[in-house]
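Participant: Let me begin by handing over the structure; questions about it come next.
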Amino acid sequence: MAPQSGPEARSGGADFVVVANRLPIDMVRRADGTTEFKRSPGGLVTALEPLLRRRHGAWIGWPGVPEDADDPNAATEPIEQDGMTLVPVRLSSEDVAEYYEGFSNATLWPLYHDVIVKPIYHREWWDRYVDVNRRFAEATAHTAAEGATVWVQDYQLQLVPKMLRMLRPDLTIGFFLHIPFPPVELFMQMPWRTEIIEGLLGADLVGFHLPGGAQNFLILARRLIGATTSRGNVGVRSRFGEVQFGFRTVKVGAFPISIDSAELDQHARSRATRQRAKEIRAELGNPRKILLGVDRLDYTKGIDVRLRAFSELLEEGRIDPEDTVLVQLATPSRERVESYVAMREDIERQVGHVNGEFGEVGHPVLHYLHRPIPREDLVAFFVAADVMLVTPLRDGMNLVAKEYVACRHDLGGALVLSEFTGAAAELRQAYLTNPHHIEGVKDAIEAALTQAPEEGRRRMRAMRRQVLAHDVDRWARSFLDALASKEPVEG
């Protein structure tokens with residue numbers, strides 16, 4: 001069912017609107033039942049805040065807590081925060097279960113990540129996904145000023161561009177996908193494949209991390225809806241593809257996302273961070289080498305791969321448990337989804353096995369924390385670590401790899417990086433590895449641990465040039481310039 005258009009949709013005053021599943025704040029329930037809002041920092045917020053303030057901008061999203069229809073404390077009114085208007089979209093417990101945990105994270109997420117876990121296709125989840133996307137589109141239509149620019153974010157909202165186009169044809173609409181876009185043969189499994197492609201084609205510009213995702217989308221537009229598309233290769237921030245859809249031309253491009261690298265670089269150089277890094281090394285027993293993994297607890301991240309590789313290197317005597325430790329920081333994630341619960345149990349069994357085999361009383365060889373880590377501690381861990389392990393089976397970009405590089409102004413450290421991350425296309429001087437080949441992962445870890453100091457500095461210097469030059473601000477500018485049909489940022 002299509003959203004209804006009408007003059008009442010044209011009532012907003014925001015010239016620039018960001019639409020995302022989550023608001024850049026978290027709603028917290030107090031003990032007395034009232035609510036407060038806490039800022040939720042992130043790279044996207046950092047990049048877009050100045051623009052939102054300058055252009056009377058609004059951010060539309062869910063505050064993060066399920067709210068049922070009879071909830072007297074429900075967030076329904078716009079919130080003014082730091083010069084931005086935040087517009088909450090209310091989701092009930094059923095919405096969260098079926099739209100978010102269901103269709104978004106048990107259907108789309110595994111399908112888009114190479115079917116590492118089998119996607120589940122429930123019609124009820126799809127119906128809820130359509131309904132929630134419609135609510136986001138309607139909230140946007142009521143918020144955006146005449147002729148405004150709207151930037152829709154990520155896989156949870158792939159139907160919003162078309163719905164919004166029907167409500168507000170005056171708007172300029174961009175869409176960016178923050179996760180990988182799958183190969184054609186995998187996407188074709190989706191029962192609602194045509195609806196998804198048509199939903200995205202409501203945008204004026206559809207953006208992906210890498211040219212490969214853009215090429216896949218162009219093929220699907222031809223195959224599923226018979227659209228005429230450009231045939232040449234899509235470039236990075238240049239050479240856009242095109243889809244002729246009705247009377248409109250939709251641009252398709254690749255825009256690799258990044259981080260606020262200058263801020264991280266500055267943070268890592270501070271006296272407090274350097275002191276905390278020394279304390280971390282001391283708390284770990286001052287080992288000769290520290291390996292580090294930092295991930296959301298997700299089956300795509302390859303945490304089990306690196307634990308197995310580490311265990312086998314210890315078994316084979318290629319790593320000495322007396323002077324090397326692995327620290328795995330795992331942020332809790334999607335704890336009500338069955339596949340995530342099973343994965344956590346498996347990883348924690350592996351941790352117990354490694355420490356049981358190779359640790360000593362008071363000296364575990366593998367330190368595992370399953371909780372959120374404060375930002376200042378995380379930066380100190382990056383500064384302290386000799387080898388960063390980033391081994392996803394599939395990842396749209398992986399910003400942790402870039403964060404580690406941004407924190408290494410000393411040109412120390414080494415990065416072991418999966419070939420199946422978007423970051424691998426940019427950080428070519430990392431120790432690249434195929435996470436499906438355990439011997440290759442072991443060899444990469446060993447090479448990183450034993451690299452000559454000058455070789456390590458050469459690699460880190462080259463990666464830092466890339467990360468510091470291509471920051472999150474440049475990513476946002478390149479996308480929005482392309483959306484406004486200005487000359488794209490090259491390189």
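Numbering starts at 1 and runs along the chain as it is shown here.
Any Cβ shown, glycine's included, is placed from N, Cα and C.
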Participant: Of the candidates TYR99, TYR100, TYR404, which does Swiss-Prot annotate as part of the D-glucose 6-phosphate site that also includes ARG22, ASP154, ARG334?
Facilitator: TYR100
Participant: In the structure shown, with every protein chain counted, which of the binding-site residues ASP154, GLU403 has the densest set of Cβ atoms within 10 angstroms of its Cβ?
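Facilitator: Per the Cβ count, the most surrounded site is GLU403.
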Participant: Can you check what DSSP calls ILE179 (site 'Involved in alpha anomer selectivity'), collapsed to helix, strand or coil?
Facilitator: coil
Participant: Between ARG22, ARG296, ARG334, which of the binding-site residues has the fewest other CB atoms within 10 angstroms in the structure shown?
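Facilitator: Result for the binding-site residues ARG22, ARG296, ARG334: minimum number of other Cβ atoms within 10 Å at ARG296.
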Participant: Let me know how many other Cβ atoms fall within 10 Å of the Cβ of ALA401 (UDP-alpha-D-glucose binding site).
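Facilitator: Looking across every protein chain shown, the total is 29.
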